Amino acid sequence: MFKKGLLALALVFSLPVFAAEHWIDVRVPEQYQQEHVQGAINIPLKEVKERIATAVPDKNDTVKVYCNAGRQSGQAKEILSEMGYTHVENAGGLKDIAMPKVKG
């Protein structure tokens, strides 16, 4: 019985801990309202530095940024990396993302 308990405890602590995943739409609010990835938060590129800590307080969480074509999301990725976010992905343009979308 004791060995089974130790084995179960060892398994729990050996499982990887996954950080949360956040989708950030860096387009202007009007574009976000027309269509966006389901669950995404709208933080326009020019506001990323000021607002990201509220939306994503843990810098080890996965942050996926997107825009219309990938240029602004590339800039956002650079900004977030410079701010210490460790898992930032440029997801490119909205049309290229294979995730459920919400249309306004």
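Positions of Cβ are set from backbone N, Cα and C atoms, glycine also.
The shown structure was predicted, so the numbers you read here are calculated from the model rather than taken from an experiment.
Look at Swiss-Prot and you will find 1-19 tagged as signal peptide. Per Swiss-Prot, the feature domain 'Rhodanese' maps to 20-104; the stated evidence is sequence analysis. The active site, cysteine persulfide intermediate annotation in Swiss-Prot covers Cys67.
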Residue distribution over DSSP helix, strand and coil in the domain 'Rhodanese' (20-104): 32 helix, 26 strand, 27 coil
Cβ neighbour count within 10 Å of Cys67 (active site, cysteine persulfide intermediate): 24
